[in-house]
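Taking it in order: structure first as structure tokens, then the write-up.
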Amino acid sequence: SVEKEAPGGGADGDDSLYPIAVLIDELRNEDVQLRLNSIKKLSTIALALGVERTRTELLPFLTDTIYDEDEVLLALAEQLGNFTMLVGGPEYVHCLLPPLESLATVEETVVRDKAVESLRKISQEHSPVDLEVHFEPLVKRLASGDWFTSRTSACGLFSVCYPRVSSTVKAEIRQHFRTLCSDDTPMVRRAAASKLGEFAKVLELDYVKSDIISLFTALASDEQDSVRLLAVEACVSIATLLPQEDLETLVMPTLRQAAEDKSWRVRYMVADKFSELQKAVGPEITKNDLVPAFQNLLKDCEAEVRAAAANKVKEFCENLPEDSRETIIMTHILPCVKELVSDTNQHVKSALASVIMGLSTILGKDNTVEHLLPLFLAQLKDECPEVRLNIISNLDCVNEVIGIRQLSQSLLPAIVELAEDAKWRVRLAIIEYMPLLAGQLGVEFFDEKLNTLCMAWLIDHVYAIREAATCNLMKLVEKFGAEWAQNTIVPKVLGMANDPNYLHRMTTLFCINSLSEACGQEITTKQMLPVVLKMSNDQVANVRFNVAKSLQKIGPVLDSSALQTEVKPVLEKLATDTDMDVKYFAQEAISVLALA
Amino acid sequence: MWYLNTSKTKELIVNDRKWREHAHIESKCCSRAMSSAATTPPSVDKVDGFSRKSVRKAKQKRSQSSSQFRSQGKPIELTPLPLLKDVPAPEQPELFLKKLQQCCTVFDFMDTLSDLKMKEYKRSTLNELVDYVTVSRGYLTEQAYPEVVKMVSYNIFRTLPPSDSNEFDPEEDEPTLEASWPHLQLVYEFFIRFLESQEFQPSIAKKYIDQKFVLQLLELFDSEDPRERDYLKTVLHRIYGKFLGLRAFIRKQINNIFLRFVYETEHFNGVAELLEILGSIINGFALPLKAEHKQFLVKVLIPLHTVRSLSLFHAQLAYCIVQFLEKDPALTEPVIRGLLKFWPKTCSQKEVMYLGELEEILDVIEPTQFVKIQEPLFKQISRCVSSPHFQVAERALYYWNNEYIMSLIEENSSVILPIMFASLYRISKEHWNPAIVALVYNVLKAFMEMNSTLFDELTATYKSDRQREKKKEKEREELWKKLEDLELKRGLRSDGIIPT
């Protein structure tokens, strides 16, 4: 039928230009990919049809034919969220509800979630009247659907309509939410639990106390741990909403229970949300309840939980009330931290290593030297490279408090060991910290201890390491200046130009590429350029075309006479090379440098 | 700490290297590491603990235990009881209860050195109990039921520990075994014997083996230890058989586990085992099938095909599907349409599995059902036949070796041949794999013999059909180009209308 009803009339912008059949044929194409493409351009189709026909013809078609591949449905659900203007503005936005309602009931989670997202979006474009006449009934239908999918979707829609409806409808909405919280399908209870906090936020405080708390308590003691752990998330929002005096009776019993739940997943969630919880319940409850709870989590029997808690050590300590912070840390937290330093699980140790340095700012110089420094040193010697890396990457915190000199003697062996680690990713990681370390340790220490390492990486057998080493040199030069480069690095780099290994000779070129700008015109012209030019006679073609590339790269740093008298002849010669790649790059350089 | 008091760095590095080599060797022969502590350099003391750690790590890799041991208290003491056979019969039920109570004590098996004697005592007691429930008569007093269920619950119900590696690949990685298996196995063994015992009365037991019990039992199917899942399978099967009141509940909870597996986590170790049980449950469904069962087929079993780890339970799943179709052939159409909807787009391995399952379905299909789905079905088969992955193409072409399928194709050749022709014709000229080309020639030959008039017709119009397709394609492109021009114009005219 497509051929017969060819689009007529040209694209003059008329509303009824295209017969809907042609467009719908596109949406029905047998090839999924083409169907998907058409759906993704649904707005174009709607535009071609005009607002009225989009409402009366396109949307009914879409509503009726929702049985397609999930990918197509996903695209449709997304499109419809942006369709308000295409159906004629907020006045008509409710026309979008029927197709989105169907999409909100499909099995595939991503489609459903997207439909809910779009529904939430267009709910804002409904007038209060339309919200009650069209939107809220939809929510009710979904909430009492037969199959769990529609009830799951309903959970995400209560909070967007609640604030804008009458009090009778509000009561209905609260009733529906209550029903879903005790649904006999765990999928629905999970959905309800995950929206509990969001829903609590739009409720009046009295209802938070009367309704939400009982739902929260029930969900937090659900038979399925996957539901209970979601209640922990809600706990943060709920605690934030309640006045301090109500927290103890309404929230704390449940939170205490969650922190000691028999399922490690729930305890993990508590550990993971610990900082948020701490802020939500305030300093007094933190002192009395959360400190012992945190200690238990740090000593938990599951490594997952310990690691999650270890991650929060710094934040937890930072947020402790100032008057008792130091005492709490020294007497309650630090003993647990000390044990974690020699934990059996490397994830726990590395989680701790990523935050432990932050404690020094909180505890001050003396405590750091006496209590934390031994821990840092122990972690610097840990068998797991990630632990050592995490310590090294956070040196700046300690540097501020006690100065890095305290650590430098121990740092060195740790750095050397990481620098020679058998895994190239570990070597790569330590290279990336070099500029930072150099800045903190100072030029003297660097020249004495670390310079050799930096040069050794240039001849690593892994390209990624050589590349990173090159980049590292550039950053060092930026830090220590051109004069330092001239004395320490440049001679060594240029020396490699005579290496029998062509990979090393190329490394010289790569270094020059990244160093020339930082080193400036004089060093580039006088020291680097002659070496590059000489290498244009290299036997290996790869070296020769890299010469061409290098010349293109350093050209802007050189003055015009050097370019004309030295660079140009060499490039011209390379442009007649027997190797086609050499020719290509030489010609490219000539044209970029405008030497033709 | 050994390098703290010195400033001769170069020497240190050398030292450091030596030390590492030493540690390395030590970690290789960790069993001797403890005793060789004296030979390590004096500067490396206990602080490092290098060798000890590696010992522990190696062990953790192989086994794990539940997360119920929150703090190790004092050693456990159980007062040894006399053997059941050594006391007079009237006293046995009482002693049986006492032994059940003792076996409620749970030991920490991650700590291989603690409570050795008591662990052995519990093991032998459990063994005794297993024998006792198998051979004795008259032991099952009404008081025994709650104690048996309590003992079993105390031992088997536990929060399963986190998986050792985040990316556990059941096909590649070795499963982590349950450390407490020496006791756990006997508890399961005992429980099965108890359920199978001639004296066992479901009417009494149902007070204790209730929905909550079943729910916890089902959660254990996520255990990584295949031995445990195997026992669980038997236990659940027995419970399903003996407790009629729990059947609907069990099916519903399995439903929930599967739906969560498909749509939320994609992780559950016991899917194959649960499907195996379902296979025999479906077998026993009465006809006509209830709506609930049909919904289970369409909304749960079919979507299970979408899961990444399909290969781990595909055989059991396909068995369930075929069971359903043998019960009620009218379900064939929704099943095949479901499979076509979820047909893998990028995973050739899964595609081969789908094709295998489809052949199993076609083996039992009724000709009237076949006619209903032949068009969409052969459109898919035609795509598979032209797959650049030769295993997919080959698997699809093997259908033509199946006599029953061949007879169905022959009866409907006027519909199927036009669908298949273009793909077959093109592959016979283009496919990179000679084996596929040879197979395609056979299929083309078969079609030619089936319906030579139609075959000749299709051969003759092949070229013009392709040209028509190309023309259509061009018209599509033009249509969209015009539509886009329109969008641009409109977009310019009124701001904000066009969502980007």
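Including glycine, each Cβ sits where the backbone N, Cα and C put it.
Features reported for this protein in TrEMBL:
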| type | residues | note |
| --- | --- | --- |
| REPEAT | A:19-57 | repeat 'HEAT' |
| DOMAIN | A:96-277 | domain 'Phosphatase 2A Regulatory Subunit A helical' |
| REPEAT | A:96-134 | repeat 'HEAT' |
| REPEAT | A:173-211 | repeat 'HEAT' |
| REPEAT | A:212-250 | repeat 'HEAT' |
| REPEAT | A:251-289 | repeat 'HEAT' |
| REPEAT | A:290-327 | repeat 'HEAT' |
| REPEAT | A:333-371 | repeat 'HEAT' |
| REPEAT | A:372-410 | repeat 'HEAT' |
| REPEAT | A:411-449 | repeat 'HEAT' |
| REPEAT | A:489-527 | repeat 'HEAT' |
| REPEAT | A:528-566 | repeat 'HEAT' |
| REPEAT | A:567-596 | repeat 'HEAT' |
The repeat 'HEAT' (A:411-449) - residue tally per DSSP class, helix then strand then coil: 34 helix, 0 strand, 5 coil
Within the predicted model, mean pLDDT of the repeat 'HEAT' (A:372-410): 82
Within-chain partners of the repeat 'HEAT' (A:372-410) [C-beta distance under 8 Å, separation at least 6 from its ends]: 337-338, 341-342, 346, 349-350, 352-361, 363-365, 417-418, 421, 423, 426, 429-430, 433, 436-437, 440-441, 445
Positions whose Cβ lies under 8 angstroms from the repeat 'HEAT' (A:251-289), at least six residues beyond its ends: 213, 216-217, 220-221, 225-226, 228-229, 231-233, 235-240, 242, 244, 296-297, 300-302, 304-305, 308-309, 311-312, 315-316, 319-321, 324, 328
Interface present between the repeat 'HEAT' (A:290-327) and the repeat 'HEAT' (A:333-371) (three or more C-beta pairs under 8 A): yes
Distant-in-sequence neighbours of the repeat 'HEAT' (A:96-134), which means Cβ under 8 A and at least six residues beyond its ends: 59-60, 62-63, 66, 70, 73-74, 76-78, 80-84, 87, 90, 141-142, 145, 147, 149-150, 152-153, 156-157, 160-161, 164-166, 169
Residues in the repeat 'HEAT' (A:96-134) grouped by DSSP into helix, strand and remaining coil: 30 helix, 0 strand, 9 coil
